[in-house]
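Visitor: What TrEMBL shows for this protein is this:
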type	residues	note
COMPBIAS	14-27	compositional bias 'Pro residues'
MOTIF	101-129	motif 'Q motif'
DOMAIN	132-322	domain 'Helicase ATP-binding'
DOMAIN	333-493	domain 'Helicase C-terminal'
DOMAIN	511-526	domain 'CCHC-type'
């Protein structure tokens, strides 16, 4: 076979057949000579064109897959700004790629487009309109969007495209990979993201595309099962920081070929003190000749505390900031109702609140003891209920989530472990059994309802246990979202409201100190 290959290489190329000799110059009595036909001209050009190697052809095909079409890339700036204004999208950064009007603009493989249609995802959401072109162009990105905005597809679909490109260029070998990874703050969110990836990979494989192997890398699962996937070669890793750091430290996995990283719910990662773990993970990227291999980093967050801003400055390179809703703002599709309820009357009033809407509903509590108490109380009252909190093991939590998602249970009682990232698309009602101390957690909790353009209700119990600062933040949030402000909050007087009135008169939106980013969310000096 080897000899045949060299033999064929030594064969002379067939001579290009010459065209018939040109006719003699026309005389006064003869008609003008006919030009060579278009078919003959194209044939000659193909025969005389330099040969393209299989690798070069594959690279060309790869670039066609990755890049949005030329008409999108050449969209006039005025048209791009008009589309962003229509979708209320704010962008910052240099040479921001134009937004995509629909999924057809992005030229995903047909199996992916078909799956989007089957799931009823026809029109991209605002974060997808701008976020997908940025991610597909290879730029670092900071995505700021409220929960339920559809941001998961913004980093999942480009990651699948990266994995496909790498596999087409050079098939993966045992022990190699990953080419891209997604880091999540909780096991539940990681599992949910993994399921979304798996949903799109199945039709790709059925259509004959190269097999893409994903790995769910979380604690609470036998590490040997995860290592079996790594040994075969893994394209995509969805992980929590603890287990991923453990595998990297033990040299069971490396990031030599990883070129794409997403940090989902970055504010939550920082809240849970994972920042040092993330930096340690990023330090595992390959260094050659004192130069780190290029990587694309995407960071998504509903809020932008100072810690996140500082981290982004150190971890991202010239990022594009895509903002579809002020950092820390509440979803306008949620009707927010705030009720003053005495501490010992909450459990009785809870049953009355559950009658406001049909199921499913989520009840949030600050501590595990309240979760257990409410769970038992509702079961005694005949309500189909499940509960999750940090004290339950992974199997119990996952089982409860599946029962709730599949409609076998009507109510989920949870601590904040479930308030971020988990996607329950049809939640009718969220009840805050207690008001969280941090207003960002309130935003994340009520974001479980009112998703994908649907309207939901959020009921929050308050009483004398909340600090005045927390209640003032809640009042400002309700005012901004044009919600009814109950008398107990309306009576509260902000000592710096005069300063805000002055700022408003001078054209500054929101608080003069934090620029309207939210007092606690922006670590506003007003609270110091």
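Backbone N, Cα and C define each Cβ position, glycine as well.
Quick one: how deep are these features, and who are their neighbours?
Guide: Confidence over the motif 'Q motif' (101-129), given as mean pLDDT on the 0 to 100 scale, stands at 91.
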Visitor: Mind checking which residues of the chain, 6+ beyond the ends of the motif 'Q motif' (101-129), have their Cβ under 8 Å from one of its Cβ atoms?
Guide: 64-65, 68-69, 72, 83, 87-89, 136, 143, 145, 149-151, 153-154, 157, 160-161, 164, 199-200, 203-204, 206-207, 209, 322, 324, 452
Visitor: Looking only at the motif 'Q motif' (101-129), what are its DSSP counts of helix, strand and coil residues?
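Guide: Result for the motif 'Q motif' (101-129), in helix, strand, coil order: 17 helix, 0 strand, 12 coil.
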